[in-house]
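Features of the protein shown, as given by TrEMBL:
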- 25-85: domain 'Homeobox' (DOMAIN)
- 27-86: DNA-binding region (DNA_BIND)
- 98-122: region 'Disordered' (REGION)
Amino acid sequence: GLELSHCVGTNPLGPAGPWRSGGPCKMKRVRTVFKPEQLERLEQEFLKQQYMVGTERVDLAATLHLTETQVKVWFQNRRIKWRKQSMEQKAAKLSQFGVIQPASADSTGSKDHEEDPVDVEL
């Protein structure tokens, strides 16, 4: 397979921040594939609140048999996507007044071509 067994130590974006304390290389991040029912529950929680506090995140992760990190990253990605969509909606409104060109043919966030969330390196 194409798995990278060695740890990639160099960060192309300059020096690593304090959170990358050069500790032992944990396994290479593999993209988490969430089950539909997990996603459904995550989406429900997101509608209630965009930010998860520690204890709730721990509980939700346990309920869904996910790690706290997976839940945290999902929420980060979901907020990015949510902000992007609300920005697109603002852009669409502005474009009606001929201020700017619309970003895409339809910014209504139709479900059929949803792109993958970004995977955040921790």
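Backbone N, Cα and C atoms are what each Cβ position is placed from, and that goes for glycine too.
Just so you know, TrEMBL annotations are computer predictions that nobody has curated.
Over the domain 'Homeobox' (25-85), the average per-residue pLDDT in this prediction is 90. Under DSSP, the residues of the domain 'Homeobox' (25-85) split into helix, strand and coil as follows: 41 helix, 0 strand, 20 coil.
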